[in-house]
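Enquirer: Here it is, the structure, as structure tokens.
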Amino acid sequence: MMPRQYHPSHSHPLSARGAIKLIPLMASFPSSQRIDRRDIPMELEQQQQITITSDFPSDDHDYLSGFGNTFESESISGSLPRGQNSPLLCPYGLYAEQISGTSFTSPHKLNQRSWLYRIKPSVTHEPFQARFPRHDKLVSEFDKSNSYTTPTQLRWKPKPVDTVEESAPIDFVEGLYTVCGAGSSFLRHGFAIHMYTANKSMDNCAFCNADGDFLIIPQKGRLWITTECGKLQVSPGEIVVIPQGFRFAVDLPDGPSRGYVSEIFGAHFQLPDLGPIGANGLAAPRDFLVPKAWFEDGSRPGYSIVQKFGGELFVAKQDFSPFNVVAWHGNYVPYKYDLNKFCPYNTVLFDHSDPSINTVLTAPTDKPGVALLDFVIFPPRWLVSEHTFRPPYYHRNCMSEFMGLINGGYEAKADGFLPGGASLHSCMTPHGPDTKTYEATIERGHDAGPFKITNTMAFMFESCLIPRISSWALKSPLMDNDYYQCWTGLKSHFSGEGSDS
């Protein structure tokens, strides 16, 4: 039996997974009347069915907007309880279920939770069993037994997508592999950086990360993500955050896909304080988009919940879809953001700003101004500073920096750093522009006028923790073992005489 799928009456009726669906309308029932959906006559449903072409939300108006807001959404009018969270009998015979992203007693300004009103509660499943075969390339506990340290600058070439297309079917879960990280999911402090390559949609299964929050950056190929709060379409140039504990499924409408994933343990992302910048700029809260309620109902024999717990994968079987949430409210939700809406700031007279000026999201530690993980981008922007070496400066940092490239090129690397690739410069490891970039910048001299960097979107994950690198990342054939040579051509320009600057 094909599951029935329902959509918000206040948004475009979009169905799932590219199929034609029949959708019963509930308009005949007043929103104030509490009716068990199972009592609705089948003849009335049949009279009110309409046929639509399915798709995932593609317009900003198909979402709720805001960052950190308390939202509410219902796919059937009147399905959201009013005046209380857990009534004795919920509308339409639904179950009330809370998902908590923080402890009950966290300060009010930090407390995150949502109430989900679902057809069956998520506890209705068989016992979890260890997933076989094991996924040997996921790490959440970083120590000498599973990862290594090195102060050497590291760079990886992108994994060719055509090889993914020709390989055995790999979905998002199977295609995840850890590059580096630090800390422990058990101790609720740390981070992991993964990458993924996949060539098939998740089928009759959902993924749940009990270890931490995922920040997913597709580099090639859109992601259609179904969550318990609704559906998201995420394109390259956008990001999506799936908070700890939410169940989700990933479809690949464009075929093979690859991208980056950061994971944080024991914290959640928040907008950075703007300080002297003022009230506006960088990532605007209104540009973060949250899905509207959407659900499916029906029998799904053998449906699998794949749960990541302590870095290991477990599987539980159930006979229904976990995406059976008819209505919800709260501030603990998945969300997406278009990086092209970021409002960058830069110097307008001299010198090069620190990269922190381009922070999109931050996961703070207890120490003011020190991040467990910052998410920073380097978008298109104007360079206008005078008498200044405009590319990023040469640097040794007490923080560790992992970089990726979504599209185009990166201003500090003329060669070798490609879309889909990555680099890692750990704590106090020297890094900076390569030889070609330095020489080209010096050759332009003081007469360089205003210049706009276009066709680029690079990003950085920056952490106060020192990452350990997974063994397969160090041994990968994608490792660029000649990376260090991009700096060996830098020569001395010292003359012992003063300059005109």
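Any Cβ shown, glycine's included, is placed from N, Cα and C.
For H352, the entry in TrEMBL reads active site, proton acceptor. Annotation source TrEMBL lists Fe cation binding site at H395, E401, H431. The homogentisate binding site annotation in TrEMBL covers Y410, H431. Residues or ranges marked as domain 'Homogentisate 1,2-dioxygenase N-terminal' in TrEMBL: 63-339. Summarising the annotation, TrEMBL assigns domain 'Homogentisate 1,2-dioxygenase C-terminal' to 341-494.
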Enquirer: Write down the Cα-Cα distance for E401 (Fe cation binding site) and H352 (active site, proton acceptor), rounded and given in Å.
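Expert: E401 (Fe cation binding site) has its Cα 18 Å from the Cα of H352 (active site, proton acceptor).
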Enquirer: 10 Å Cβ neighbour count around H431 (Fe cation binding site)?
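Expert: Total other Cβ atoms inside 10 Å, all chains included: 19.
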Enquirer: Express the distance between the Cα positions of Y410 (homogentisate binding site) and H395 (Fe cation binding site) as a whole number of Å.
Expert: 16
Enquirer: Looking only at H352, H395, E401, which of these recorded positions has the biggest number of Cβ atoms within 10 Å around its Cβ?
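Expert: Comparing the recorded positions H352, H395, E401, the most crowded Cβ belongs to E401.
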Enquirer: What count of other C-beta atoms do you get within 10 angstroms of the C-beta of Y410 (homogentisate binding site), across all chains shown?
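Expert: For Y410 (homogentisate binding site), the 10 Å Cβ neighbour count is 25.
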Enquirer: For the recorded Fe cation site, whose residues are H395, E401, H431, find every other residue on that chain with a C-beta no more than 8 angstroms from the centre of their C-beta atoms, and list them by sequence position.
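Expert: Sorted by sequence, the hits are P392, R396, N397, H425, T429, P430, G432.
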